[in-house]
């Protein structure tokens, strides 16, 4: 008995139909050029019935290093190899260095969908040697890291003070502990921006959140761009004040006690007053 599919079920089955040599999610993202480059190592067109594992394996990137090869976590472990998880840059870096020095292959391990990098596979003896080195140099490396952190903190303080000499000490401390916090990934830790730009962006972010109703606008459902536009002038005004480009209103009074706005009124009136007509001399 034949089964008739409705139009919606037809579309559903059509989406499920596998297409050899093509990753549906990759096509949706528009990465066709990169997809072809990645599939070159594992040509799915040569497989009659590619499995999900074949499709995922086709996503593994090509590596330029002849001593590095990508693999999935489900792949069998090579003989005398161990898995080294991500998390310790010293161990990972030195495992790679010692492996390549002895002409041993390093396997870059991805999850079973070939999306995230999990770690590496290296020879057991190399891993053991590197962990011993890590243990022997742990105290020295910790001291070096602490010294570098202190240098980075002093540098950040100097940048803030030079760029914004009028910033209150409490605000400067808050910015240093937030935007310049190690491992935060925030603007103060960026290596792609000049120091002055990092300081400006960090100060603007602090002012926006701590000295304007920006967060309240977001809590009320205001769009992020609209909320930023609403407080932009306030942010710029306080930023310029801390940078020494403008004076606060309390300091703009004259010696007579009149405000700056009161002093401007006569000048406006003078500018608007018509010029007197030239004097007429009558000669008898």
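Keep in mind that glycine also has a Cβ here, set from the backbone N, Cα and C atoms.
Note: TrEMBL annotation is automatic and uncurated.
Residues or ranges marked as region 'Disordered' by TrEMBL: 1-46, 230-284. As annotated by TrEMBL, compositional bias 'Basic residues' applies to 8-40. Taken from TrEMBL, the feature domain 'DUF2293' covers 160-242.
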DSSP says what for the domain 'DUF2293' (160-242): how many helix, strand, coil residues?
58 helix, 0 strand, 25 coil
Across the domain 'DUF2293' (160-242), what is the average pLDDT of the model, as a whole number?
90
